[in-house]
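Copied over from TrEMBL, here are the features:
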| type | residues | note |
| --- | --- | --- |
| ACT_SITE | Ser243 | active site |
| ACT_SITE | Asp271 | active site |
| ACT_SITE | His429 | active site |
| COMPBIAS | 341-354 | compositional bias 'Acidic residues' |
| DOMAIN | 159-441 | domain 'AB hydrolase-1' |
| REGION | 19-60 | region 'Disordered' |
| REGION | 127-153 | region 'Disordered' |
| REGION | 322-360 | region 'Disordered' |
Amino acid sequence: MSDLQRSFVKSKLSKLPPVPAFAEADEDGLDEQAPPPSSAAIPRLAKRKQQMDDFSPRTAEGYFEQALEVDVPLDTGSASFRVYYTPPRPKAAVQTTPHARFRPSPAGPATVQNLALDVSSPALPTLKPGVGLPADDADDDDEATPLPQGAPPNPGTLFVFHHGAGFSALSYALTAAEITKLSGGEVGVLAYDCRGHGRTRLHNVKMDPLMSIDVLAADLLALLSAMFPRTEEMPSLVLVGHSMGGSVVVSAAHALSAKGFNRISGVAVLDVVEGTAMDALSVMRSVVLGHPSGFASVEDAIRWHVDSKTIANPESARISVPPLIEPNPTFTAPARHPAATDDEPQEVLDDASEPAERDTQQHAYRWRADLLATEPFWPSWFCGLSSRFLSVKTARLLLLAGTDRLDRELMIGQMQGKYQLEVIADVGHSLHEDAPDRTARILIDFWGRNERIHLPLKNIKKVGEP
């Protein structure tokens, strides 16, 4: 080839469009030893791999000491509640062993058992077997001062967490661990999956979901009674609820007070206001319908929650999202097609051009909770919440994400100093997942401000006590 021909060919090649990037399927199939198509592809591939690793599920190990399955008798049937628990260890009292604390009531069939969980499946991340204190070992390392003979032991204080609709107990994992750290283990933390959510199971209960606020509050009381059958062994309680769970703990606080239990140190409601919630009911169905019907993998579910800003904190999403989904028993993997040849490059784009067909396909994982089935109960969750919150006979905390709109009743109550109002900026609705450190510090300060020494004097009582 002459010099003139070479220069002509070079001029033509320089005007050609750049070589298109490889399809993702082709990139994954490249030989690791083969040179990359271009240096620009290296950071893209590395970034994609890093993002996939960031959305891998994590276990709950290190956030709670124990994973329990608590069998509780209900008015109709029974329930096996999934509970995550770290017991309180008050430093000024002799500690009771976990075995004594979880001894089932002889009057009822409620039982509590430690779970030997399979942690090999990334779809079901939870505590590893053996995590937590053995049932027959006492905690000899904590400093304790013996109580006078005949004096009742101090059971300490327990934060009880109730999640919102569509979430699970592990949404509190990071917050609970931070509370344990800030208190030096002095206070305990307990979070559980409510009925219809997470890994809690109902037995001999009709299939239609019964999710009224009274039923959910009764479930909480039944769970506490099963775990602490003797009232004097039940710790002082700080009840914390997010969204729907906020209404549940408020109703539960009223029910406990009606039963004569007066060791409720406080009630904290996270990011729910009656006026705003009732106004949002008209669009809530559309929001739920906008959720994906399922996911191809656990990683995809975590990615969707983060990308949609449902949970802005990937560290929390990797722990809290896996319990929200379960393997789809009706899913059948599609038949594998032969790899496309170089003569058929158009097949790489076929799936992207048919979104309607893709939406109707089955998914390997589906939601555990059927939120649309609970629609008849949505108004009961929030109707009258403000008045019930302000009338609770204990300290009250309202923690909001951003500058939420207070309704008239809450605004008047705030001006009268009836509750503590805290706002965390730059977070979403799941503020305890997006900002667990700040949430934990606010809750610990709230507890420290309102915890009282129980004086053995008949003529002294807390403000608000009957």
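Positions of Cβ are set from backbone N, Cα and C atoms, glycine also.
Curation plays no part in TrEMBL annotations; they are all automatic predictions.
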Note to self: Taking only same-chain residues 6+ apart in sequence, whose CB is under 8 Å from that of His429 (active site), what do you get?
What the structure shows: Ser243, Asp271, Thr310, Ala401
Note to self: At a 10 Å cut-off from the C-beta of Asp271 (active site), count the other C-beta atoms across all protein chains.
What the structure shows: 24
Next item on the list: Give the number of CB atoms, excluding that of Ser243 (active site) itself, located within 10 Å of its CB.
Entry: 22
